[in-house]
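Colleague: For reference, Swiss-Prot lists these features for the protein:
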| type | residues | note |
| --- | --- | --- |
| BINDING | Glu93, Asp114, Leu116 | Mg(2+) 1 binding site |
| BINDING | Asp114, Asp117, Glu269 | Mg(2+) 2 binding site |
| BINDING | Asp117, Gly118, Ser119, Ser120, Asn205, Tyr233, Lys263 | substrate binding site |
Amino acid sequence: MAKIGMDLNSFILEQERLYPNATGSLSRALVAIESATKVIASHVRMAGLADILGMAGKKNIQGEEVQKLDELSNNLLIQYLSQSGEFFALASEELDEPIFPEEGKDAKYVIAFDPLDGSSNIDVNISIGTIFSIHRRVNSDVSDFLQEGYKQVAAGYVIYGSSTMLVLSTGNGVNGFTLDPAVGMYLLSHPNMKIPEKGKIYSINESNDKKWIDAGLKEYIESLKDEGYTSRYIGSMVADVHRTLIKGGIFAYPADVKNKNGKLRLLYEASPMAFLTVQAGGIATTGKEDILNIKPTDIHQRVPVFLGGKYEMEKLKSMLKNG
């Protein structure tokens, strides 16, 4: 039985014991993620002193400016995940194509990740994070990444804020672990996380409301205001979703006239966050279909995202349908 204060490694081993045929491969894979994010956390804390803030002078596959800390985080994850030998392939927001580490040629899993979500906020000291999604290796090629979200073996994120916290699900609920820098360990601080069925916060960039293309969305937001909801929008998906998981409400990044297919990436942003939301008792949709039911067609595919508690999400689906 997991107890508050249990370290992440012990928790992972305890979960492994629930599966008599487990080989330990997933456990070792998760430990590799744990190790990499601890190092990233240390660099985030020192970023202002180490000349790793600002732009790296290049653009990623999305055409976005790469931040120096983004590039460092990406390299650290590639290093640790490759050396673990537990991943057949790695896909990143910062890579045009997946890489296939020599050490992972016999591995069981593939992983997609956003090394540093919200990196445009680095210079202003706002919470940022790492998001990851693990699938089973099936066909031993790029198509292993193009599996529906409900087939994820594990998903999670690490938020680098006032404290560093890793939020994880292996399909048996959601648990949060806070990094104790004194001992260098993630300790269970938020066991069995559940999103409230009804919250008081909506999180969306309302400055884009004239560009939204979902009929009924403006009316939906106005109806939440009429119910006394308050707006909280940070612009860092990890931070906004983290608050939504804990306090309830809704997080939304809808399609608009500029981004008709949505802005957030399915594989390493929308899908893992949807997995966590559903595991925590919430709902995640594009406005038209459940995010976890989408079969990806491209590694960097984008989708609209709405996720949150049952009350807000059921109301959203009803108003978008009738909008």
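Note: Cβ is positioned from N, Cα and C throughout, glycine not excepted.
Explain the structural surroundings of these features, please.
Modeller: Asp114 (Mg(2+) 1 binding site) falls within a strand segment according to DSSP.
The Cβ of Asp117 (Mg(2+) 2 binding site) has Ile128, Gly129, Thr130, Ile131, Tyr157, Ser236, Met237, Val238, Glu269 as same-chain neighbours under 8 Å, each 6 or more residues away in sequence.
The Cβ neighbour count for Ser119 (substrate binding site), using a 10 Å radius and every protein chain shown, is 23.
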Colleague: Taking 10 A as the limit, how many CB atoms besides its own sit near the CB of Asn205 (substrate binding site)?
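Modeller: So the number of other Cβ atoms within 10 Å of Asn205 (substrate binding site) is 17.
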Colleague: Helix, strand or coil: which one is Ser119 (substrate binding site) in, per DSSP?
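Modeller: In three-state terms, Ser119 (substrate binding site) counts as helix.
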Colleague: C-alpha of Ser120 (substrate binding site) to C-alpha of Glu93 (Mg(2+) 1 binding site): distance in Å?
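Modeller: That separation, Cα to Cα, works out to 14 Å.
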Colleague: Could you tell me the C-alpha distance between Ser119 (substrate binding site) and Glu93 (Mg(2+) 1 binding site) in angstrom, no decimals?
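Modeller: Distance (Cα to Cα, whole Å): 12 Å.
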Colleague: Give the three-state DSSP assignment (helix, strand or coil) for Lys263 (substrate binding site).
Modeller: coil
